[in-house]
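Listed in TrEMBL:
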- 1-43: coiled coil (COILED)
- 87-114: coiled coil (COILED)
- 128-449: domain 'Kinesin motor' (DOMAIN)
- G211, Q212, T213, G214, S215, G216, K217, T218: ATP binding site (BINDING)
Amino acid sequence: EKEKEQLMSAMEKEVEALIAEERAKFDKERERLEKSAAKAKKSAKGNTKALSALAKQVRALKPQIAAARREARATLAELPAVSKDVAAQILSRVRSTERELAETTRKYKRELGERKRLHNLVQELRGNIRVFCRVRPVSKREREHAGEDMASCVSFPNDGEINVASGRKEKTFEYDQVFNVDSKQADVYEEISGLVTSVLDGYNVCIFAYGQTGSGKTYTMTGPPEDRGCNLRALQDLFAKAADRRGDTDDKIKVSVIEVYNEQIRDLLSDKVGAKKLEVRRGDRGNYVPDLTEVDVRGDDEVLELMAISDRARSMASTDMNEQSSRSHMLMNVTVESFHKATGVTTVGKLHLVDLAGSERPSKSGATGQALKEAQNINKSLSALGDVIAARAQGSAHIPFRNSTLTHLLQDSLSQDSKTLMFCCISPILYNVDETFCTLTFASRVGSVELGKATKQ
């Protein structure tokens with residue numbers, strides 16, 4: 001529409017210029033003739049013949065001027081049709097370009113989706129641990145303490161890629177999925193929902209969050225009351241799917257919550273004071289913790305109550321990295337026992353939702369005394385986790401699962417017969433770039449581990 005208006009305006013100006021030019025010629029000729037007539041009249045007074053000739057010339061010019069005016073009016077009258085034709089041609093080209101762009105976009109999205117589907121299929125067949133990276137927004141604490149290191153150190157070159165750059169080094173990492181600072185809780189859960197609901201088919205699934213303190217692990221897994229994370233969304237999804245198939249299957253869902261604090265297992269749902277020490281045992285269906293409190297759950301309210309109980313019982317402390325830093329690893333274990341009415345077969349699927357403690361160095365967290373001991377135990381267990389990942393990646397015959405309580409608990413999830421996914425959570429600014437590099441490097445090692453194709457239990 002704008003191009004059409006511009007074209008009309010240009011043509012109108014051209015016609016006006018033509019009329020003005022002819023008018024100027026006429027006025028100039030008339031002025032010349034008038035001067036000639038005046039001169040002739042003065043020099044040859046009474047010479048009517050000359051005057052008559054001059055008058056005739058003037059009269060002869062008048063039709064020419066009139067014809068020029070008619071031609072100008074005709075040209076002006078043709079403008080709408082001409083401009084309409086030009087506008088139609090422009091509109092046609094624009095629409096053709098839009099169709100080409102839409103088709104290209106559609107093909108790109110289709111290829112992207114197909115690439116992702118095939119990648120996930122290969123990952124599932126190989127049994128690779130899937131890795132999702134999530135970058136959280138800049139925190140209030142960082143704004144207060146980061147100073148000149150507030151600048152962003154991350155960028156997103158392509159789908160599934162994150163580039164990290166500091167003054168000393170730069171590297172691009174590639175994962176199964178990368179969520180930027182604008183990602184929503186619902187979008188994040190949507191990407192893991194298929195993994196979660198495979199528990200109903202008898203698969204074992206483990207989803208764990210790794211990263212420095214304050215990087216968004218607990219936000220991703222638990223989330224605030226107004227925007228819950230993967231834990232509650234996973235159970236809501238399981239409740240909904242179980243309700244949909246109630247006519248064919250009876251599903252019983254149980255929840256337990258434990259923490260690993262200073263290498264000790266604590267039952268966060270137990271109301272017993274001075275309960276006996278809990279240990280990991282090996283059973284027919286893998287590792288388990290005897291005498292652990294398991295609660296049947298049927299809806300959101302019951303889950304929220306259990307989450308509130310476990311949050312209050314969890315070991316927390318303030319560090320230089322986070323005002324409310326978790327000083328332990330927390331595992332929410334969901335067991336789904338499904339009785340299939342048509343076959344009489346019972347399957348048992350397990351979902352482990354793990355919020356690991358912060359992976360930063362004690363020197364940066366400012367830990368001292370008891371907090372330093374906690375940090376050392378956290379780092380010991382995370383180091384043991386790293387050793388297990390390294391051994392799995394190298395195909396070692398011996399995997400050191402028993403080197404820490406955490407890896408002993410996660411043994412089944414880091415072995416075969418499990419679908420495992422890791423969230424690596426990072427800060428986006430230079431202030432934390434060293435921890436960011438460490439987290440992403442570890443995540444790349446995790447992504448290279450092949451567990452083998454998971455089987456139903």
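Cβ coordinates come from backbone N, Cα and C, glycine included.
Just so you know, TrEMBL annotations never went through curation; they're auto-generated.
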**Asked** Across all protein chains in the structure, which of the binding-site residues G211, G214 has the highest Cβ count within 10 Å?
**Response** G211
**Prompt:** Going along the chain, which residues six or more apart from K217 (ATP binding site) have their CB under 8 A from its CB?
**Reply:** A209, Y210, G211, D355, L356, G358, F423, C425
**Asked** Which Cβ among the binding-site residues (Q212, S215) has the fewest C-beta neighbours inside 10 Å?
**Response** Q212
